Every structure is written in structure tokens, then in C-alpha cells.
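Trainee: Provided herewith is a single structure, encoded as C-alpha cells, for subsequent inquiry.
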Amino acid sequence: MSQPKTKDKKYKGVKTGTVMTIPPPIPVAQTPQLGLGRADSGNDGMSLGTRIEHDHYKPSLVSTRSQFLNPQGYIPDSVTTLDRKFATRIWARVLCLSTQKQILYDKGWEYYERITLPRYKVGESKMKLAEKGETEVRTRIYPLFNCSIAMFSDFGISVSLYFSTLLILSVILAVAAAMNVPNILFFAGESWSGSQQTLRASSTLGNIALIGSAYCDQNAYVTCPTCDPSNFKSNRYIKANTGIFYYKINTCGITIDPVLVDFATILFLFLSIIFMGVYQKKLAIKFDEKAQTASDYSLTVHDPCPDAHTCDEWCDFFTRYGEVAAVCVTLDNQNLVNLLVEQRRLRSEISLNLLNENGGSQSYDEEIGFLNEDKTGCFEGVMNGVGLMKGLPLLHEELVTVQGKLKEEVDRFKKMGGYATTKVYVTFENEEGQRKALNALSTGLIAAWTDTSKNIPVTQRFRGKNVLKIEESKEPSATRWSEIHISTVQKYKERFISWTLTLGIIIGGGFSVYGIHKSGEIAIAAGFISIFNSVIPILCSIFNSLESHASEGGAQESLYMKIAFARWTNTAIVICVITPFTSMINTTELLLQVYTVLFADVITYPLFRILDFGGTFNKFFLAPYAKNQAVINTYFQGTAWSVAERYTDITKTMFLCFFYAAIYPASYIFCLAALLLNFVVDRYCIVRLWKLHPQTGAGVASVSFKFMLISILAHSVLSSYWWSGFPFDNLCVDESDGTNNASVQITTPDGATTFTQAGSSYAYCNQDLLTRWKFPALPEFQGEHQWMTSNQALMVSICGIASAVFLGFIFFGFFGTGIFFSVKHLFVPAYKESGRDQNIPFSCCRGEISSHIPQYNCPGFDHPFIATSLEHIDTDLQLKWNCHGNETFADWCLCSDVDLGDLIRKEHRSRLFASTKYYPPGGSNVYTSGEVDKITDSDGSA
């Protein structure tokens, strides 16, 4: 049934009764030249001595990274290619590269343009993403500007939703920024703080950018007989020569106008984000309908019978609902597949090292090791010993270890008599068949766990007993085949560990910022926050890799939450907690840090992404000096990225903006600029710098929507506390003290003379309702001494009550419903049809779709390894990638002599791997409509 896209090729491996040995030595005159594919043949071949004839040491069977084909369908992009060639040749001359090196370096750039970067099919009415390495049709690199957001649906729903979200949020933030112009003018005007002359007189950009914030430099000193100096920072009081303490109050007067503007903005943002969430769901359905995907035709069985290994049995069961196109039955063979992939990787590393070792003079036997003297230097030997620089001896030892474990795993398989079935993926020829099956077989989780359901008749139970737990399948490219078998208990253990580590870095980062801030280095503290925000995604990705997820979408959602919590805490919450209450607005201590982080979001982070330091260093400094084409191509793999990280970047900026919007309304402008720049820069990166992202659904966008609602909630809650805290000096007029104090001349700590304010005495009052744990913020919580004006108290009451309403709505309306539906789905089915049936048969999507075939990615390889037999699959339809050069799909299949040798007989080899089978349309696996109705409407009797 296989329809390979390239000419098939036989393996030349020799079996000698041991685990993968190499043929006997051959004469030096017959020593093979290790070519690097058709395009490279003759340019980089070199003698490898003896014992390298075995196919698993040919780069074409080890990694496509070792070759590049200039196919007939390749159209040089007139401007891009010519400019690139001109620039790279100048750069090659600057580096003094030889002619041969220049040729190989140029081929690396061709590989980058042809294989790494996304390309679209020429001649189509709309731009459609071409398969990686497409040679059968003409393709071009995507243009930078002449492409719509809908075009990105070919990159995955999550990618297109990300760019749509950026545009929608930009419009929302533009309106919010316009609404807050009156507040900016109010704070910058004469009525608030004398036009903020201190900031206007400053020559630093940071202070100038704070004009229009709630910074208040208007103050006076008053008497407070009952105050304790220990309750204030040293810059908040003066001890006169008479021994009397005088305390500083802020004389800036808040009015009701800025509070009304801020409250109106919160209402607008809340309603807009709700609208955006509803619109996102419609967009997700629209994008899903625009591009036919495997999930439109497929379902997944999560609890198959352990011994149900054959595709035909599952096909026979599901054919009653519609014509079955393909079936994939996965096994609990993860240890075996991991060892086979590791064996391939080590062989690839050895072959590349042999190319680089003394001009290829090393002789090597997989069982014996190196046949000539080991010339490893002292430094390299030490590094090998600690595993930091793996040379040939260490790689050989690892390979021998892996092969030993592989033999043990096969022996274990023989003793067990086979692996258990873990999942079953069924693909229908039409969407209608999938929907019929899901509607007929979906049930509550308890019924699936206990195999007891009144709604599922015996005839619709697998083998008459098993009430199947089924759901619509995830995309094949988003399925993490190496983790689909992990138990729920194990997953929760892994999540506990990863979240513990994440909380550890959050706490560690908070203490670090506190320590720097306490030393008085505010600018350094802000710089540390920016740097830490850049490091957080890397650390969270490492922690997230400890978790097992059945799909890439689930992994992205988990990563999103970790990065979001870490960035929110580090960016907004920490600097608020460590800043003294009386320093919120009467110094630039807090506001300057907010500005610095916002400025980094607008300028620094987008600039770092577009400069792509890691990728640039690889392409321009490491690639030119690589020893062969195989290594050169590894430096042109593109920069890995995560849609979860990109979402957290924008929600982090929004959270910081909303957190401090009441006292820094210009933050809306910074947030708007950050969103627009992210849209432009990320759009450039996705077509020029980044790797293709796995095709994931709307899960991350849905989680991001909830986090945006939390940002609005934080805005509402914090605004009520900001407005309740004015004037931020912890001093109230003491109404019980009738003393009328006279004005007294005093000397300030900077040597200036001033007069104290005449009038009533003051008393200490804690104006920080947040640290007093009062929620919602209401005037009734002021206590004995009152500091709020009547208008201020009115607006604080409105804002405080509104924040409580928002909290209830968000918690019960969204998170509460999530809990409700989780409990509900224990008893009732969770499946609900989404979108329209496009009436396009699966078999008509050739070249644009794939089906579920176990594939395992390995760093440094262009394509995944196939962990199933190719005998019964249609590679042209079911695999969404192309082989390059003289390769075939068999070269990437782990079910081969190259990988297993004599470990198990050929006729039993397929039992080690998942069973996959394609059923051509119009076959015998079609029920009549009468049979479908008879079975579907059955009450349990045959």
C-alpha cells in the first residue's frame, strides 16, 4: 500500500549473528568515499578508512542534515537569494574561506531557504504552506508583508490566533490610551503637582517619561506629637534643633475626574476582552474550517483492550459509523523506540566525528571500537571524562551501552509475548463518519472507566464489553508519541516537581530583586527584572520538559501558565511589594522601575528577537568553519520558538500596564507600542528566522484569554487600592487635637530651609488597605483617623464594590464553570460538534494532510523517525513531509535491519511497533446505510 515519493532503495547491512556489526575490512583501494547527497557529491567526500560501508554510517540514512538537493521545483527567490548570495560571498571573503568552503557555506544557505524556512505553493489562488522540502510543485519563500493573517492558519490555529489576538488587543489598547489622555494631562498639569517641574527639569529620559504619572513632588512638614519615627522612612521626617520631629505630607490633591476615567477604562477593557474571547472562538472555528486537518476526520480511543493489536479488528468495529480510511494501534514500546532513536543519534554523531577526525583517517568497528591508536588530546580526554565534550571514544561507549539495553528490551518483549495496546487512532474517509462515531460512543468518564453505561448498547461496545473512552484526535504533528502512554498518576508527580521548581525560581528572583532594591540600586533592579524575564522562558521550558503530555497543545498550555506566573510576579508584583508605601508616588523609586520594564518590552525584547543572536552566531561564525556539509546544515536549522512564550510576553506587558495604570496612565501607550512591534517583529521572524511551530489548536489562546481576564481583575482591584491610598503619606489630621500650630523654620537634610505648615496637628494612620488585608477597598476601613476626601471616598466605594463584582464574575463565570463541567463530564459526554462538515473526503486531501503515524523527533535531524512498518501505509497521503535527495521513507523507519539486525526474526519484527494500515476509498469496509441505522439505533439486542 506504500506509495513512496522517491525511488526505493535496499539496505546493504551485513548480519553476522551479533548486534549490528560492520562488514570485514576492505582494501584501502576500495575505501568508499562518504558523499553528502547528490548536490554535495564530489565536493566533500573523504576517505574514512575501513569498515564504514554499512548503511547506518551513511549520512543519507543517518540524518538529512547531511545533504541538500537543489530540486527542479525550487524557484530561487529573486531578491532574497541574489542578495543573500552576494552578502554571503562577501562575508566568506572576509573570513578568508577557501573556494570549497564557500561552496559548502552557500549550500548551507540554500538549505536554510529551501528546507528550514516556510514556503508557499506557486500558482494557487491563495498562499498554501508547502511541505518541508517540497519538490513536486513550484514554491517560494513567504513575502514579508503581502500575506494575510488567515494565511497563518496553515501554520496552525494557535499561530493564526496569536496574530489575530495581537491586532485585536492593539485596537483595544489604542482606545484605552485615548481614554486616559485626560488623566495624563491632569497629572502633568498645575493642579496636581505644579506641572511636575522636578521631572521637567531633569535631563534623564526615564524622569521625562514619568511626566503625566502620579508622581508628586509637592510636600510640606507638619507636627505629629503622637507619631513614632520608626513607622516612617528616614526621608519622611526631620528632627529640629529643639528635638521636635516634623513629618512630611504630600500636598497634591486628588480629584474625582481621574478616578472616573480610570473606572470607565476598566469597564471598557472588561467588556472588550469578553468580546475578544467570544470572537476568538469563532475565529478558531473559521480557521479550522479553512484548513482540512487530520483531527477533522479522526478520533482517539484511550482505553483499548490491551491485546487488541490488529488494525482490521478496529476497522471492522468503526466501519458501522462510516468508511474508515486509516487505523493506527500504538503499543507500550516506549523504551524500545527511545533506544532505537538514541542508537541512530549516536551513529550519526560517530559518522560526523569520523569525517572530522584527522581528515577521515580513523578506522572504526562498532563492536571492537577504533582500530588505530587513539589520538585524543589531554584536554579533550578530560572533557570526555566528565561528559562535556563527547569525542569518538565516549560516543562508542555510549553506543555499546545503548545496544546492550536494546538487546535486553527485545529479550523482555519475547518473555512478555508482546506489548500492550495503549491508544488507537481511527481516521474516517469523511467527517460525517467521525461525528457519527463520536456522537454514538461518547459517554461520561465514570462509564468508560467502569465499562457500565445504559446509553451504550452491547453492540456498540468493543468486543461486546469495553465501553470506549474516545475523543476527537489532536493533530498528528502535535501528538507527542513518546509520552502518550504515561499514566495519570505519573503525570501529576511530574507536574508537582516542575511547579515546585518554577515556584523556586519565582521566590529566588523576588529575593534577588529585593536585595538589589534594598541596596539603593533602582536602575540595576529594573535591569535585573528585564534580564530575568528573558531567562524565565528558558528555565520554565527546562522544567516543563520534565512533564509528560500527550499533545503539544497540552505542553504549550502548561508552559504558558509557568511563564505567565513567573513573569507576572517578577515584573509587577515584586516591585510593588518591596517598595515602601510612602515611596509610591512621592519618589520615582517605583514608577521608574515600571517605566524601565515597559521600555524593555517596547524596544529591547523585539530587538533581541529580530537580531536573533544565537541563530546569527550559528550561521555567520560557526557554519563557515564547520568541517563538512552535514555539520554546516545543523547551523541552519532555524530558531526554535513557542507560541506559549509569545502569548506570555504580551500578557506580561498587559498585566504590568494594568497593574500600575491608575498611577501611570501612559503605560497604555507603552503597551500599545509593544503589541504593534510584537506583531511586526514576530511576523518577520516566523517567515525568516524561526522554525515551523507544531500545529496546535486554540488551547493556548483559551488559557491566555483567562489570564487576560485576571489582568483586568488585577487592574480593578489595584485601582481601588491606589485611589484609596492617596495621598500616600500615612498622616491624617488629628481632629481630637485642637492645637493650632504656628509655622516654624526648619532645615531639610539637603541643607535647604523651609517652613512647617501651620494649623492642626497630625496623627499616624496606615493608609495602605492592601497590606492591612482589607477587601474590597472601602472607606469604612479607614479606622479612627480619616484621610479620604468625600469625593475620593465615593469613588473608592464604587471601585471597591466593582472589583468584588469582577472577582465573583471571573471566578464563578469562568473558573467555576470549568470545575462544574469537569464534574459534569464524569457522568455525561463532553463531545460537542464544532464547525461545519466540509464534505471533503480524506483521500482528496493528498499533499495537504496527514494521519496518525508514530513519529519521533530527534534534535539535529530534519525529519522524525517512523516507528511502524511502512508496508500498509500510503506515505504520500499519510506523511506530511518529503525525503530529500536519494533518500526514501524506509531510511527513516526504525523497523529495519539497520536498527534491529538479528535481535528478532523479520516476520516478528512488526510486533515490536505500532500497527498502522491505510484502507483505500471504495474498499470492502463500507456498511450500507441500513446497517448503520440498525446498529446505531439498537437497544442492546442484535
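Quick reminder: no glycine exception, Cβ is built from N, Cα and C everywhere.
Because TrEMBL annotations are produced automatically, they should be read as predictions rather than curated entries.
Sharing the feature lines straight out of TrEMBL:
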- 159-179: transmembrane segment (TRANSMEM)
- 259-279: transmembrane segment (TRANSMEM)
- 496-516: transmembrane segment (TRANSMEM)
- 522-543: transmembrane segment (TRANSMEM)
- 564-585: transmembrane segment (TRANSMEM)
- 591-611: transmembrane segment (TRANSMEM)
- 655-677: transmembrane segment (TRANSMEM)
- 697-718: transmembrane segment (TRANSMEM)
- 794-821: transmembrane segment (TRANSMEM)
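Surface or core, plus neighbours and distances: that's what I need for these features.
Mentor: Sequence-distant contacts of the transmembrane segment (159-179) (same chain, at least 6 residues past either end, Cβ-Cβ under 8 Å): 149-150, 152-153, 261, 264-265, 268-269, 272-273, 276, 279-280, 283-284, 287, 643, 646-647, 650, 654, 657, 668-669, 671-672, 675-676, 678-679, 682-683, 686, 693, 698, 701, 704.
Residues 165, 168-169, 172, 175-176, 179-180, 182-183, 658, 661-662, 665, 705, 708-709, 712, 715-716, 719, 723, 792, 795-796, 798-799, 802, 806 of the same chain lie 6 or more positions beyond the ends of the transmembrane segment (259-279) yet place their CB under 8 Å from a CB of it.
Panel annotation: around the transmembrane segment (496-516), residues 524-525, 528-529, 532, 536, 539-540, 543-544, 546-547, 558, 562, 565-566, 569-570, 574-575, 577-578 of the same chain, lying at least six beyond its termini, place a Cβ under 8 Å from a Cβ of the stretch.
For the transmembrane segment (522-543), the residues of the chain that approach it from at least six positions outside its boundaries are 498-499, 501-502, 505, 509, 512-513, 516, 559, 562-563, 566-567, 570-571, 574-575, 588-589, 592-593, 596-597, 600, 604-605, 608, 642, 645, 648, 652, judged by C-beta separation under 8 angstroms.
Tertiary neighbourhood of the transmembrane segment (655-677): same-chain residues 166, 169-170, 173-174, 176-177, 180, 183-184, 187, 209-210, 212-214, 262, 265, 269, 568, 571-573, 576, 584-585, 590-591, 594-595, 597-599, 601-602, 606, 707, 710-712, 714-715, 718-719, 722-723, selected by CB-CB distance under 8 Å and a gap of 6+ residues from either end.
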Trainee: Quickly jot the same-chain residues contacting the transmembrane segment (591-611) by Cβ under 8 Å, restricted to those at least six beyond its ends, or write none.
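Mentor: For the transmembrane segment (591-611), the sequence-distant neighbours (Cβ-Cβ under 8 Å, at least 6 residues beyond its ends) are 206-207, 209-210, 213-215, 522-523, 525-527, 529-530, 533-534, 571, 575, 585, 649, 652-653, 656-657, 660, 663-664, 667, 670-671, 673-674, 677-678, 681-682, 684-685, 689.
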